[in-house]
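Below: the structure, in structure tokens.
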Amino acid sequence: MQATSNLLNLLLLSLLAGLDPSKTQISPKEGWQVYSSAQDPDGRCICTVVAPEQNLCSRDAKSRQLRQLLEKVQNMSQSIEVLNLRTQRDFQYVLKMETQMKGLKAKFRQIEDDRKTLMTKHFQELKEKMDGLLPLIPVLEQYKTDARLITQFKEEIRNLSAVLTGIQEEIGAYDYEELHQRVLSLETRLRDCMKKLTCGKLMKITGPVTVKTSGTRFGAWMTDPLASEKNNRVWYMDSYTNNKVVREYKSIADFVSGAESRTYNLPFKWAGTNHVVYNGSLYFNKYQSNIIIKYSFDMGRVLAQRSLEYAGFHNVYPYTWGGFSDIDLMADEIGLWAVYATNQNAGNIVISQLNQDTLEVMKSWSTGYPKRSAGESFMICGTLYVTNSHLTGAKVYYSYSTKTSTYEYTDIPFHNQYFHISMLDYNARDRALYAWNNGHQVLFNVTLFHIIKTEDDT
């Protein structure tokens, strides 16, 4: 999880301290949220935790905003001081001009009294005075401009002061460094709490958040769930057939801006959009076959390939949208999986757990759900979740637990914003669903029902 709210930390800490989490209200946009809580017969704490949206820490953001505003006010104060000095200087010119005007008025009166005898003499003096006043005209114009600027600055500072007051009331009278240290401390404690979370059951899907709009209607994009926290590479595979080019980006930000870091030309074309990157390697279905390929990005070569026995391929048992989506490769907290259908299982979904090195099938489960009736599917904690459509109105309709070898019908709706989903995969590190939604790359957040381990369970 890349972004964490302080409220989340406080909530999880209160859980560990034995407080009642149902009395604490937290927005899913600000952090994780407790959905419900109870105790099982063994006395273990059971609760539901809402995965947060990928946001920056709100306190850090507000602190940065506060510092930026304070710097702006200081800069404006310095500007006002300069303008004030200039205004005082200009005011002296105005006083001088006023004296000159009074003198001119007296001269005019004298000329009126003795126009004939003194006309020539006073006319010359008048001309000289007027020549002396000419440089004052631009000074007066600048004075007027400065006065207007000062008025504008005063109004803006008044508004900024109100904003600063509001922010200070909201985040308290802490300086930035103190807030930053508090966040780091809480984040460390949060990670300790997160280690106590075991796998959970899907309860709710929210979103989506549109990350980018690119490519054709069909495709796949993904990150590695086993990558380190500093490794946020994104891989992008456009189209469901007739392509061998994988594009790599160093981060989500580079992906959004289109700054490619590398491209890979695979030795084989892929089929469908149901690929997965796991522990540094790409797993994909070779075009027009039921062969699974493991390709290492670091080595730039195929490390393993194996036929998935009896698996249908080339639109024999695809998802409802077609697109050679017969074999779906996926990963979760437990490991690497393949979801497909066989004639032996009457076209119903088969789940196989794969060895990530050799691609051998370690164990398989046969379900009773028709593969052709499934819109998409994904694994979370060893449970397969199946949607009933790839179009508007789709929902998670069926789940199968490999732990208990049992199934149930569910009703978990989600918003198919762009009307056509051709890829939907769970990422255990991000605790989010990656989707390709009609040429849009989007993310869904999930709500999981968790059991928090106590010290007696470890």
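Just so it is clear, glycine is given a Cβ too, placed from its N, Cα and C backbone atoms.
Unlike curated entries, TrEMBL annotations are predicted automatically.
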Of 9-55, 150-196, 197-243, the range TrEMBL tags as coiled coil is 150-196
Neighbouring CB atoms within 10 angstroms of the CB of Cys199 (disulfide bond), all protein chains considered, total 17
In chain order, residues whose C-beta lies under 8 angstroms from the C-beta of Cys381 (disulfide bond), counting only those at least six residues away in the same chain, are Cys199, Gly200, Lys201, Asp332, Glu333, Ile334, Leu448
Across the coiled coil (59-121) the predicted model averages a pLDDT of 64
